[in-house]
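Encoded as structure tokens, the structure appears first; notes follow it.
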């Protein structure tokens, strides 16, 4: 029972993190939320890394729950996509999935008994998830807030232009600003559905069925075992 809870509590944290992500990103911005995510991940890594010294399996439960909240807030690909030039946006969005898979592979390889999966080194393995978060925590303040967020949610056109110049260099970027303004105008006339409303909406039912089936199939096809 404890083993099952330890494995699954990551997903429970993920549900909570993803369900509150929209409110947090609109209120505080993607950059601030990412910084908070990194702090949460570093704290979670420290708690799990110290669990053996403290002789507390509860610390592993708490750490994995916090990791789930931090990792499952869908911010990274949103922020990367919004700060990327239009011609590189598709490539930038695809890197999130690539590095997610690469990280899982590196973690599983590092978890072999010959490497960090030994009886003495497993706390180090569990604490390793804090290293990428620490790198991002140090480097992210050098980047500006997302230009679409500044313009669409804050109405800060000058801040948006400044962020675009910092990201993409000097030049004429009025076309990109016009695209953001068009998106803002479109969103004013679009109702944002909650998860419950999405499930009740007949127009999206088949798309929802398809996503659920594909996600369940991925989990059951044996790729995790491979």
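Glycine is treated like the rest: Cβ placed from N, Cα and C.
Looking at 6-24, 63-81, the range annotated in TrEMBL as transmembrane segment turns out to be 6-24. Checking TrEMBL for transmembrane segment across the ranges 36-54, 93-111 points to 36-54.
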